[in-house]
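Summarising the annotation, Swiss-Prot assigns transmembrane segment to 10-30, 40-60, 71-91, 102-122. The feature Na(+) binding site is assigned by Swiss-Prot to GLY78, THR81.
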Amino acid sequence: MTQTLIPLNFLAVAIGAALGACARWLAGLWLNSSAWPWGTLLVNLAGGYLIGLALAVLLAHPEWPQWIRLAAVTGFLGGLTTFSTFSAETVGMLERGAYATALGYAALSLVGSLALTALGLASAHALR
């Protein structure tokens, strides 16, 4: 699929990213604690599942306009998930000497996100 630089595509990414970033911020406010960043973990795992689901649905509908994929995947899911926050939280745990917690968080985030991306793809295929 070729990318077209049109104002609608910019707007789709911007609106999607703003909504995704706000959802991530709210999840952090509601769920993060000093002991464990549950909000970040949740949005990264949910994002893994949702991107798998979205990609499968979008691949099944190549006739859909480009802005839908840009708003949903590049915008919303790009704004929702965060590798930089995950990295900062993991390094913070390491700096506090919480090595086992940091390792568990990193492993759960990585393996969980990969597994949920695969589950999202499988879910979309099962619904066809």
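Using the three backbone atoms N, Cα and C, a Cβ is placed for every residue, glycine included.
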Spatial neighbours, same chain, of THR81 (Na(+) binding site) - Cβ under 8 Å, 6+ residues apart:
GLY20, ARG24, VAL43, ASN44, GLY47, GLY48, ILE51
Specify the secondary structure state of THR81 (Na(+) binding site) as given by DSSP, simplified to three classes.
coil
Let me know how many other Cβ atoms fall within 10 Å of the Cβ of GLY78 (Na(+) binding site).
18
